[in-house]
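Student: Take this structure, written in structure tokens, and hold onto it; I'll ask about it next.
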Amino acid sequence: QVFTFNRVEIRVQPSVKVKNGAPMSIICHADISKNTDFQLKHNFTIFKDGKLVFMTVSDKEDARYEIPVAKSSDTGDYECTVKADGKLSFSNSIYVWVAGMTKPILTADKKEVLEGEVVKLRCELPEEVPPLEFFFRKIKTNSAPKEKRVPEQNQNFSEVEYYVEEGDNILQFDCFGKRQVRSGWESSQHSNKTLVTVKEPFIKPTLITGPSSNVTEGDQIEFECSTVVAQMRDIEIILQKNRTILNSIRDKKFLKYSTVATQEDSGEYLCKVEQGAVSKTTKLNVFVSELFPKPTLSASMTKLDESKDLILSCSINGFRRANFSIVRKGSHEDILLKNSRVLAMKVNVNDTGSYTCKAEVKGIVKESKPLRINVYAPVSKPTLSVVSGSPEVILGKPLQLICHSVMGTPPITFTFYKGDEVRKNVTNDTYAIFLDEDIGLNDNGGYKCDARNNHSSGVKTSNILNVTVIVQVRNASLGSVPYGEVEVGSDTAFLCSVKEGSWPIDFKFFKKTDHEVLLHEVREYSDRTIWHKKTMKRKDTGTYYCMASNRASMDVRSHPITIHVILAAWQKGVIAAFVLTAIAGAGAIALWWFLRKKKKAKGPSMEMSGSALAPNLTSEKLTRQPSDGNYYSGSGYIEDNENHMKSTDESKGPDLESAEVDYTEVEVSTLDPHRAPEQKGTETVYSEIRKTNN
């Protein structure tokens with residue numbers, strides 16, 4: 001028994017789009033090929049959105065999942081599997097849309113409510129599955145419905161509360177639902193309409209004025225606000241004008257308020273009754289006729305010099321029978337000057353300020369617009385100075401000047417001049433500052449300033465300010481005579497100079513060591529200075545530099561120079577003589593040593609001939625210098641030499657062999673091992689001394 005699945009397919013009857021409430025069938029079909037005709041058991045399984053909804057076993061190749069009443073919740077993706085004798089096959093997925101939703105059910109917790117209360121509504125879609133969206137509507141006569149949207153993710157019903165407002169007499173509510181399908185959103189039918197009756201807790205208030213509707217300034221005006229209340233509990237009546245509360249009362253049905261009418265009392269009045277969340281209002285416009293116009297204050301002059309006469313007068317156009325007073329406005333309170341229409345006064349600067357006049361008729365007081373009076377004291381002669389204090393400025397730097405007047409009523413206008421040219425006008429209280437950024441080398445004076453105010457005395461001018469322009473020191477250089485090498489003990493002249501700079505200039509000379517050493521400083525009214533350093537020593541060898549500065553307070557440093565202090569010519573000669581003497585001495589010693597060695601070689605042949613003189617000379621032995629083994633001196637040598645010199649003079653002759661020969665015995669110390677073979681002990685040697693004239 002051999003078989004194979006050709007395919008498994010799923011289909012819907014009557015179609016993939018079914019109307020809500022209609023019957024629907026999901027059919028799973030297995031197309032199987034067999035080698036013989038034999039019975040085969042099929043296990044059919046149908047899934048919706050991945051969840052098992054139907055399963056059956058049949059020997060037929062079809063299985064039907066019947067849905068007698070289709071609901072919107074039956075919308076989804078369907079697929080089926082068929083299993084037979086260990087083999088399994090799947091169908092493709094098919095989307096089924098059950099169009100339309102069930103009609104929602106709406107209920108209200110109250111059928112009758114008061115204004116300000118809350119109605120709780122419940123809307124339910126019993127045959128639908130979440131997620132869903134619910135829409136509630138509040139319907140009033142002659143107005144558009146107010147709608148509220150409430151999404152629900154986990155339940156098929158929703159609840160909402162509606163506030164009952166003023167004027168909600170008869171209300172109707174309904175609801176509907178929506179769900180999201182593959183093609184978009186699908187809506188249900190609207191629910192049944194629920195009727196709710198609304199009652200007023202109190203009626204709209206009434207607002208009246210008395211005793212007459214025609215009100216003139218000075219009349220007594222009375223306001224009365226009243227209402228009818230169902231329950232006298234937490235009731236409040238408020239009277240307002242332009243957001244200002246004039247009076248209020250609680251737990252009463254009416255409110256009264258009275259005042260003397262003024263023109264400012266014209267306007268809109270509002271009576272408001274509140275109870276809980278309910279509020280009802282009534283408006284009333286009131287017009288108060290003018291009894292007399294506002295007074296006008298005039299002055300003989302509004303700007304005048306101190307000690308001048310000022311006349312203030314108050315008047316009402318077309319109306320003279322009033323009580324007048326003239327006052328001066330103060331920061332905290334007004335100052336009454338005179339109860340009269342006219343005020344005459346001699347002014348000083350303290351009288352500067354704002355003045356008004358007041359007029360009273362039948363208890364109604366009106367005030368004029370303020371009038372500003374300015375009294376001026378003359379400006380004093382201004383002083384012009386440099387802000388930094390010193391009348392100097394560095395070339396290229398800005399110059400800041402201040403012009404100041406000790407006396408004078410502000411505002412004061414200051415004018416700055418550079419030469420005869422106006423550079424700036426400044427209006428301030430007592431001083432002004434001027435910045436000159438264009439300073440030239442020849443700008444050494446010519447600054448002045450003027451000061452003036454509204455006093456009739458006119459302009460005051462400062463003295464001329466002369467400003468010195470300081471040129472900064474630039475390009476310092478250092479030289480010396482002699483330059484480079486200086487003999488010990490000689491003098492050296494150091495010259496420090498600058499290319500430019502205002503005098504006086506401070507010069508400083510330094511020598512570089514581990515730290516800077518100041519050697520000399522001087523102030524010169526020149527662009528250079530010379531410093532003579534006496535008696536140079538070897539330790540004065542080194543690197544030198546100089547620094548220059550002036551009132552611009554900027555040090556300029558020169559390039560360094562190097563001085564070598566060397567030996568003088570006579571010192572070099574002494575050293576050379578000493579060296580030559582040392583060389584000659586060394587040669588003499590070498591010659592003596594050579595002759596001694598030669599004499600030692602002839603010693604046995606000369607021993608007998610010298611024996612007769614030996615006793616006379618042995619007592620005159622040379623003494624050895626302890627500090628040098630190669631240098632000798634002694635009195636015996638000098639005397640013997642003199643005797644020989646004399647003997648030579650007495651027996652002159654060219655034949656050297658006929659010259660007299662003396663012999664002496666000397667002690668010899670051990671020689672330098674580098675110069676001759678080592679000798680130990682004391683030896684007796686003989687030397688020849690020929691007596692000659694030289």
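Glycine too: its Cβ is placed from the backbone N, Cα and C atoms.
Quick paste from TrEMBL:
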DOMAIN    201-285  domain 'Ig-like'
DOMAIN    293-372  domain 'Ig-like'
DOMAIN    382-466  domain 'Ig-like'
DOMAIN    489-562  domain 'Ig-like'
TRANSMEM  574-595  transmembrane segment
REGION    617-694  region 'Disordered'
COMPBIAS  617-633  compositional bias 'Polar residues'
COMPBIAS  641-655  compositional bias 'Basic and acidic residues'
COMPBIAS  672-681  compositional bias 'Basic and acidic residues'
Student: Sort the residues of the domain 'Ig-like' (293-372) into helix, strand and coil with DSSP and give the three counts.
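Tutor: The breakdown for the domain 'Ig-like' (293-372) reads 3 helix, 46 strand, 31 coil.
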Student: Taking the domain 'Ig-like' (382-466) alone, what is its mean pLDDT?
Tutor: 85
Student: Taking DSSP states H, G and I as helix and E and B as strand, how many residues of the domain 'Ig-like' (489-562) are helix, strand and coil?
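Tutor: Residue counts in helix, strand and coil order: 3 helix, 44 strand, 27 coil.
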